Amino acid sequence: MIPTMTSAGWAPGVVQFREYQRRWLRGDVLAGLTVAAYLIPQAMAYATVAGLPPAAGLWASIAPLAIYALLGSSRQLSIGPESATALMTAAVLAPMAAGDLRRYAVLAATLGLLVGLICLLAGTARLGFLASLRSRPVLVGYMAGIALVMISSQLGTITGTSVEGNEFFSEVHSFATSVTRVHWPTFVLAMSVLALLTMLTRWAPRAPGPIIAVLAATMLVAVMSLDAKGIAIVGRIPSGLPTPGVPPVSVEDLRALIIPAAGIAIVTFTDGVLTARAFAARRGQEVNANAELRAVGACNIAAGLTHGFPVSSSSSRTALADVVGGRTQLYSLIALGLVVIVMVFASGLLAMFPIAALGALVVYAALRLIDLSEFRRLARFRRSELMLALATTAAVLGLGVFYGVLAAVALSILELLRRVAHPHDSVLGFVPGIAGMHDIDDYPQAKRVPGLVVYRYDAPLCFANAEDFRRRALTVVDQDPGQVEWFVLNAESNVEVDLTALDALDQLRTELLRRGIVFAMARVKQDLRESLRAASLLDKIGEDHIFMTLPTAVQAFRRR
């Protein structure tokens, strides 16, 4: 059995190498070779999405592969350039750099450093719970919005036209006005690459489709001299490895990048943890969210110091490694070795990659992000879930990638507050043949105890729902068909309380007392009891009206 890695200090990845089993080697080697073949063209493509030279994608890949293998808690996750962070990088930096390519590169590296520092500090502060900030509907809608923005950003690349604008609607409008100037050789090449990628995915899912498609396009361009006919190629790529260094940036630029870096950090971390948990669950492993924060932080710092840009997890590369048999992060180290070999000895081949082929690769990746089956699933489950997903997509398209991320987080929080502010509640009764007390709405045959209302409010009590709780509890009393003598609050769901909620509880007790109704509480856990004591409510309610179980509360009512 593979041991879980829930806690291994700052380097949980070391455990997998310390306990490495020889039978895993074949799968890890195959996964490393496959992921490297996938990563090289993908990293170059995402660098262009970020607004940087293709080589920057390779630079941003090297150090994170090694660092995550040691510091990450997932044995499957692949770290490197990815679509969402690349798009956000472009959205943040394009207005700041104003066409200055050198300044753009410096800002990109600085952004990576800031994202890394924020994640590292958050991990040290044990803020791993932030991984739950995005609900499923918001995540589905957000990824669909990101996909559409990715496609719009590549319209010029795959058609050979000049597309202006930095946002979805401006790019689509610009493309629509220049569609008659499509460079057909470029467009045909891009569509051919896209078709080949689609066929490989369907008929040979384990094959490294991106490198096969891009190499095929490169051979076609070289054999037919298509670059002389207007098909753009990557051009010269510096051979060798990047020299680490701190980007020379001003204090003003640092201030301007802090908030965008926080947004990218949230996306990077939440995407990584969600992906890592999904794949870890398949093998009965655990993922330490705080370790993931620290690992992703260190990876981004390293990417910034090696002239890269913010990096994140890749679900596609992770899935590929898992499918071909990768069992540990040794596959990432093997992929790293191949990337280094290519950069040192085969930069001339990379220079011949057609830009249109890289653009087609981005479009292909974007199309895979749009999960129509999930939209249908949301629609079947609850209409409000579907509307939340569509609203998130609209926010990304209308507000841009960065503010769309903030809107996505805000929508998740608002959805959470909506549920907390107006949760399910119930009046409990006895059901013949079933032990305990149950919701009378679920069991029409349930029998209530005359004169007794047993009420349950299914959420922690806090400022967001304090007034809702008080109002609905009184409504239950008002709607009772008989003369209410006792009101018992079943507090099993109300362990967490704040002072606002306890004030509302006291107001409810006071109003019931004014009506001649006894207020009591059942299933009161020790934490709640201590909170009641701290708020001076325990004495007001009375120890004789605080019960450990519902049966003892009902028995006390009957003995009154």
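Glycine too: its Cβ is placed from the backbone N, Cα and C atoms.
Feature annotation from Swiss-Prot assigns region 'Required for sulfate transport in E.coli' to 1-436.
Residues or ranges marked as transmembrane segment in Swiss-Prot: 29-49 (among others).
Among the features that Swiss-Prot reports, transmembrane segment is placed at 51-71 (among others), with the record citing sequence analysis.
Remote same-chain residues near the transmembrane segment (79-99) are listed as 39, 42-43, 46-47, 49-52, 57, 60-61, 64-65, 68, 72, 107-108, 111, 143, 146-147, 149-150, 153, 166-167, 253, 256-257, 260, 263-264, 267-268, 271-272, 295-296, 299, 308-314, 317, 332, 362, 365-366, 369, 400-402, 405 (criterion: CB distance under 8 Å, separation of at least six residues from the stretch ends). Residues annotated as transmembrane segment in Swiss-Prot, with sequence analysis given as evidence: 79-99 (among others).
According to Swiss-Prot, the transmembrane segment annotation covers 105-125 (among others).
Non-local neighbours of the transmembrane segment (138-158) in the same chain are 48-49, 83-84, 87, 90, 167-168, 171-172, 175, 186-187, 190-191, 274, 355-356, 358-360, 362-363, 365-367, 369-371, 374-375, 378, 388-397, 401, 404-405, 408-409, 411-412, 415; each lies 6+ residues outside the stretch with a CB under 8 Å from one of its CB atoms. The transmembrane segment annotation in Swiss-Prot covers 138-158 (among others) and is backed by sequence analysis.
Sequence annotations record features per position, and here Swiss-Prot assigns transmembrane segment to 184-204 (among others) based on sequence analysis. Within its own chain, the transmembrane segment (184-204) has Cβ neighbours under 8 Å at 157-160, 210, 212-214, 216-217, 220-221, 226, 229-232, 354, 356-357, 359-361, 363-364, counting only residues six or more beyond its boundaries.
Positions annotated as transmembrane segment by Swiss-Prot: 207-227 (among others).
Taken from Swiss-Prot, the feature transmembrane segment applies to 256-276 (among others), supported by sequence analysis. Remote same-chain residues near the transmembrane segment (256-276) are listed as 72-74, 76-77, 79, 82, 84-85, 88-89, 92, 96, 107, 110-111, 114-115, 118-119, 122, 128, 130-131, 133-134, 139, 287, 289, 292-293, 296, 300, 310-313, 315, 318, 402, 405-406, 409 (criterion: CB distance under 8 Å, separation of at least six residues from the stretch ends).
Marked as transmembrane segment by Swiss-Prot: 333-353 (among others).
The transmembrane segment annotation in Swiss-Prot covers 355-375 (among others) and is backed by sequence analysis. With a cut-off of 8 Å between Cβ atoms, the residues of this chain six or more beyond the transmembrane segment (355-375) that come close are 41-42, 44-46, 48-49, 54, 83, 136, 140, 143-144, 146-148, 150-151, 153-154, 157-158, 160, 186-187, 189-191, 193-194, 197-198, 210, 213-214, 217-218, 231-234, 316, 386, 389.
Here Swiss-Prot flags 394-414 (among others) as transmembrane segment, drawing on sequence analysis.
The feature domain 'STAS' is assigned by Swiss-Prot to 442-557, with sequence analysis given as support.
Residues of the same chain lying 6 or more positions beyond the ends of the transmembrane segment (207-227) and with a Cβ under 8 Å from any Cβ of it are 34, 37-38, 40-42, 185, 189, 192-193, 196-197, 200-201, 233, 320, 349, 352-354, 356-358, 360-361, 364.
Across the domain 'STAS' (442-557), the model assigns an average pLDDT of 95.
The list of residues near the transmembrane segment (105-125) in space but at least 6 beyond its ends in sequence, with Cβ under 8 angstroms from a Cβ of it, reads 50-52, 56, 60, 89, 92-93, 96-97, 246-249, 253-254, 257-258, 260-262, 264-265, 268-269, 290-305, 307-311. Remark: secondary structure over the domain 'STAS' (442-557) totals 54 helix, 21 strand, 41 coil, with classes taken from DSSP. With a cut-off of 8 Å between Cβ atoms, the residues of this chain six or more beyond the transmembrane segment (29-49) that come close are 55-58, 60-61, 78, 80-83, 86-87, 90, 150, 153-154, 157, 206, 208-212, 214, 234, 309, 314, 316-317, 320-322, 324-326, 330-335, 337-339, 342, 350, 353, 355, 357-359, 361-362, 365.
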